[in-house]
Amino acid sequence: MWAHRHLLGIRPLTREDILLVLERAAHWREFLEASPKFENILSGYSMVCLFFEPSTRTRMSFEMAGKLLGMNVLNFSLEGSSLEKGESFRDTVRTIARMKADVLVVRHRDSGVPEYLASFLPCHVVNAGDGMREHPTQALLDLLAIRRTLGRIEGLRVAILGDILHSRVARSLALALMKLGNSVVFSGPPTLVPESVLALGAERVFPVEQAVEGADVVYLLRIQRERQEAGYFPSLQEYTRFFGLGERLLTRMKEGAFIMHPGPVNRGVEIEHRFVEHESSLIEEQVTCGVAVRMAVLEILLRGEKTS
Ligand code: CP
């Protein structure tokens, strides 16, 4: 039974909660193949997307999900808002909630903002990525893409490579995978995979060649240029050569293993250009699963046990 008013992270979810989202998301994933698509079960509800960091996939797929289910969807834009006139963040969100929004989807550079909003807003709050903490709908869509492709989502080995230290995607995904009985290994430049990440419960394996061996899925994280400037690795070229997915690493992967990436992709940095659309890449499937998972999350939050 789903007992959450908000979706703030993977950490508070049970295995059953995750499986419920996946079950409904699988239904919506099939629905997305139809054209035209009509399903207005959330007609009369309103959702506001508040993104204080750039986003294409998450923001647009929430918008798409809400509209496909018949919701009124509003996108808040920082530019031109009264925040620019000095209104506080708290007053801004209280004002939006007072317009009787039912769901507020928030992305913010600071960890903990969704919890903060959930502590005083009367509407449902959904975390669309907060600082370095969690990105729960990304993890859920990744699970859906894996289950749809491999036919199962337990007993798998998943290697997550790259900037684990700063990645909310890695945190949420590792937690979700482990709750369902999968094993997770982290690898990448040791500066970006420090001992502290072991607290999540995953293994740390070096070098990356060893980490990908035997993995059913190799999940690459986006490398942000500012990490290089901060001295975590010497150059992007060196990152690509020693930690990126190219022919050398591909030959170490087991036959039938899949490649994933949350996007946006730095082609030629963490993954060689031609592998983005490789037959073993799930990157485009992840995008479609993103719409399905967000439909499921909105449905479950607003209709609870009435989902069918
Ligand atoms: N994966 C992801 O969160 O992408 P966006 O930043 O484009 O939303």
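Glycine is no exception: its Cβ is also placed from the backbone N, Cα and C atoms.
Per TrEMBL, the feature domain 'Aspartate/ornithine carbamoyltransferase carbamoyl-P binding' maps to 5-147.
As annotated by TrEMBL, carbamoyl phosphate binding site applies to Arg57, Thr58, Arg107, His135, Gln138, Gly263, Pro264. Same-chain residues at least 6 positions away in sequence with a Cβ under 8 Å from that of Gly263 (carbamoyl phosphate binding site) are, in sequence order, Thr56, Arg57, Arg222, Ile283, Gln286, Val287. In the three-state DSSP reading, Gly263 (carbamoyl phosphate binding site) counts as coil.
Arg222 (L-aspartate binding site) carries neither a helix nor a strand DSSP state and counts as coil. Here TrEMBL flags Lys85, Arg168, Arg222 as L-aspartate binding site.
According to TrEMBL, the feature domain 'Aspartate/ornithine carbamoyltransferase Asp/Orn-binding' maps to 154-300.
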Which of Arg57, Arg107, all binding-site residues, has a Cβ with the fewest other Cβ atoms inside 10 Å: Arg57
Composition by DSSP (helix, strand, coil) of residues within the domain 'Aspartate/ornithine carbamoyltransferase carbamoyl-P binding' (5-147): 61 helix, 26 strand, 56 coil
Diameter of the L-aspartate binding set by C-alpha atoms, the set being Lys85, Arg168, Arg222, in angstrom: 34
Neighbour tally for Gln138 (carbamoyl phosphate binding site), based on other Cβ positions within 10 Å of its Cβ: 25
Beyond the site residues Arg57, Thr58, Arg107, His135, Gln138, Gly263, Pro264: chain residues whose C-beta lies within 8 Å of the centroid, for carbamoyl phosphate: Ser55, Thr56, Ala128, Gly129, Val169, Pro262, Gly290
Filtered binding-site residues, from Lys85, Arg168, Gly263, whose Cβ is under 6 Å from an atom of ligand 1: Gly263
